[in-house]
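Features of the protein shown, as given by TrEMBL:
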type     : residues  : note
COMPBIAS : B:9-40    : compositional bias 'Basic and acidic residues'
DOMAIN   : B:68-571  : domain 'Cytochrome oxidase subunit I profile'
DOMAIN   : B:627-880 : domain 'Heme-copper oxidase subunit III family profile'
REGION   : B:1-45    : region 'Disordered'
REGION   : B:588-632 : region 'Disordered'
TRANSMEM : B:77-99   : transmembrane segment
TRANSMEM : B:119-142 : transmembrane segment
TRANSMEM : B:290-312 : transmembrane segment
TRANSMEM : B:363-387 : transmembrane segment
TRANSMEM : B:399-423 : transmembrane segment
TRANSMEM : B:435-456 : transmembrane segment
TRANSMEM : B:468-487 : transmembrane segment
TRANSMEM : B:507-529 : transmembrane segment
TRANSMEM : B:639-657 : transmembrane segment
TRANSMEM : B:707-730 : transmembrane segment
TRANSMEM : B:750-770 : transmembrane segment
TRANSMEM : B:777-798 : transmembrane segment
Amino acid sequence: MSRLRLYVAIYVVLFAFATMQVFVEGLGLSYWTGFWAVIGLSAVKALLVAGYYQHLRFEPRSLSYLMLVGLTAAVVLTAAAAYSIS
Amino acid sequence: MTRRNRHHERAERDGEHDEPRVADGGHERPADTDGGHERSPTPLEDVGAVGRAFRVEELPPLSSVARWFVTTNHKDVGVLYVVTSLFFLVFGGVLALLMRAELWTPAADLLGANAYNQAVSIHGMVMVFWFLSPLAFGFANYMVPLQIGAEDLAFPRLNALSYWFYLFSGLLLGASFFQEGAFSGGWTMYAPLNVPVYTPELGATTTVLALLLFVASITVSSVNFLTTMHRMRAPGLTLRKLPLFTWTILLTVWMMLFAFAALGAALVILTSDRVLGTTYFAAETAGGSLLWAHLFWFFGHPEVYIVFFPALGVMAEIFQTFSGRRLVGRKWFILAMVLVALQSFAVWMHHMFLTSINLQVKTLFMITTIGISLPFDLMVFALIYTLVKGKVRFETPFLFAFGALALFILGGITGVFLGAVVLDYEFRGTYWVVAHFHYVMVGGVTGLVGGLYYWFPKMTGRMYDETLGKLHFALYFVGFNLLYFPMFVAWETPRRVFVYDVSLLPWHQLSTVGGFLLGASFLVMFYNLTRSLWAGDRVEGNPWDYTTTAEWAVPSPPPLENYPEGTPTYARGKLEFLAPSAVRSLGRTGADGGTDEASTPSTDGGTVVRDRSSAPVVPETDFDEGGHDEHHASHASPWPFVVGVAAFFALLGLSGVNEGGLYLVLLAVGLLLGTVGFVAFGLEPFHVPEMVAAERWPFAGVENAKLGVWIFLASDVVLFGAFVGSYAFIRVAFGWTAWEPVPHDPFPGLVNTYLLLTSSFAVVLALVAAKRRSRAGLVGSLVVTFLLGVAFLVNKAVEWQELFHEGLTLSTGVRTSTFYLTTGLHAAHVVVGLLILLYLIARALRGGYLDDDRPVEYFGLYWHFVDIVWLFLFPLFYIF
């Protein structure tokens, strides 16, 4: 598959996943199952954009780690803060 | 032939200025720029002509005032930082003396309540933000490029921009006193004291905005230093071999990058609460007060190490030089610092033991807090043992460094008390805390003052007066302990209160005497350094025995280009200087110009050189001819200063935007000037230093500008993460499932998702078109991206308009506040992207980016990131 075709395929997947997210509510899932399903779809979309459109998959791994450190800091702050009042 | 002429002749011969090129992954490419563009092939000549109109051709001499407004050279910027930070030391010091004068008696008889509160608050902010770190970064600016063998920082103009943001943020802080009064709720700005109900003065808003501008300065600086230190180290200078001062700066900027992003988020939210009327931190918001504490201390505790680490680095350098002994346990010392840097982000809740957070989390953070003292123990013992094993010379820099260690030990031990939950219940909010953190923070200042004496001859070429230096230390050390130690005894005094129990009077009067003595000691320093600047003994090279770092291998002060006569290398295990031809040959041997670390001998196990003759060899050059004052057009740019002025006006205007009138004019002028400044910044041709051969781990193969963009995005992840985290925190406090999304219908959000995804795809197509050298394809794709971005904003505006009509405004409640502000921050990112797109389109229309598509790629990194953020905002704010 040429690089351009790959980009087009990813765009189609992103478009489809975005549409699916809105209709998850109608599937009759419990609140938290639906919530994590939708967040999971967002995570997959984000990985596709970062991996292919931002070319992280083809860059030195250290750049991915750099972004993961930032993400970890944000998650630690959010999770610990939320837990502190739970 | 003069040295300057020889240099220019060589530069022309080497094509150094006309065609800067760098080996990258085996492919030769034009050198990086920091936002400007290099001289480019014919399609861009017309843009180049415009650009030349913005260019300052000559760097004025050091004696010229103009020099200091246009310089981008790291040594000049370092001097600016040092001088400005000392000005803020005086500013903060005078405020402290006012407080101590007020506390001479237990009654409020000098300043009055509000003035005292302002003095306490602004003293804390000035000392922590505008004095301590900037003094350290004055040294870092000056010394780090020299220590790692670089010509300058990776992005010299951004370095100047950081400085101007810093200066103007401080001036903005000063201006806040004249807008009904500065912020008076303490340097920690706890909620809800930080909202207009309790601090209604316009000046309080200006204080917040000043700090926000300071955060911008820090962020730009962090990106610059990290790119420089990871990509521009001399061959053979692996991270393991970095000088200890540079190590501490490296860890400091990593902490700064993430910690200040959280503070930036907190300040943006606070500004919104104060200016736009959102209600995040309002007293009635569930969790609002705790939210501020979480955001502030997530930044605030790493800030303790951000402030202290550079002082630790200075102490380590001075201990080595003045004991003639390599630091004992060097690699363990470094490992301990890395551990502290990591752990610093896992201890913040010990500042919240007296809040309503649960006992489990308090216990957890008590453990992590006590745990962080262990690596510090190792560092302290390493420093002490270095002295035991060495032969100490008690000169002024050492006295201050040694004094700093003694003070820090006391500060550290008294801090452990505060890390224990049960003891914290007793000590929190008392003078115990005040005494403890002054022993730590001002302990750090003590180390940095040692650095000032240590590097004064390097920076000025003159020696200070040793007797006056020792007199300064004696007054300083006695004054310090007289000021702060009685606070431990009078610990029951409540913090930030201007009256106290009369039984504590003697201790407070002792403190006041100590405070004035400490202040007077600085008069000795200022006299000594100012006089020595003009009349001190000349220092040609290195005045100290046993130095080990590369800044001492060049004359004092160093030449403008640092190492014009030879590129430093450690490839053979010791510092040597290579001719340019040898460097180019070295650059061609390795991918990305890097060298194989495994093949280079280690110097980590070596011993300190025994005398000056075996110190790094000073190249035989005629530096006096040009010296620090050598002209080089590439070091001059007026635009960082212009953008700094613009930021000052814009933020001053923003502080009173709801008042209208003059404030609106200031805001408009600031925005206009900022636009002109940034456009000129982009158009100005500017030579950026690039190392053909360098150690670049772990970012070999990633160009400087690209790495800069990625590092910035990592910081932006924390910024958005803090916003989303705030939203999640308030929802948890509110009751997660009881919270309904503000938009009734997810459809507008879904449409915006489609628009952004499609615009991301269009940017991908733009890059493909640029690689295929299709001008029409490139311009078309960029225009489509722009139009989709505009459509996103229009759709959002329509949606917001409808919600406003329904009465759902920013001030309706925290539910609407979080919706508008978080998605609004994202929209602001889209607007910035659109402005960059306009610039790209204008250049693409003239044939740009067909030969060098990197700007399109780097813009794409940003735009895709904005897209990714929306992918999470959409479900969080529209579906659940």
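Just so it is clear, glycine is given a Cβ too, placed from its N, Cα and C backbone atoms.
Residues 100, 395-396, 399-400, 403, 407, 431-432, 434-435, 438-439, 442, 446, 449, 453, 493, 507-508, 510-511, 513-522, 524-525, 527-528 of the same chain sit 6 or more residues outside the transmembrane segment (B:468-487) yet have a Cβ under 8 Å from a Cβ within it. Of the candidate ranges B:290-312, B:507-529, B:707-730, B:777-798, B:507-529 contributes the most Cβ pairs within a distance under 8 Å of the transmembrane segment (B:77-99). Between the transmembrane segment (B:119-142) and the transmembrane segment (B:435-456), the number of CB pairs under 8 angstroms, six or more residues apart, is three or more, so the stretches are in contact.
Within the same chain, residues 308, 311, 314-315, 318-319, 322, 350, 353, 362-363, 366, 369-370, 373, 376, 380, 383-384, 387, 432-433, 435-444, 446-447, 449-450, 453, 469-470, 473, 476-477, 480, 488 sit at least 6 positions outside the transmembrane segment (B:399-423) and bring their C-beta atoms closer than 8 Å to a C-beta of that stretch. Contact between the transmembrane segment (B:707-730) and the transmembrane segment (B:290-312) holds: at least three of their C-beta pairs are under 8 Å, each pair 6 or more apart in sequence. Relative to the transmembrane segment (B:435-456), the listed stretch B:290-312 leads the set B:290-312, B:507-529, B:777-798 in CB pairs under 8 A. For the domain 'Heme-copper oxidase subunit III family profile' (B:627-880), the mean pLDDT of the prediction comes to 94.
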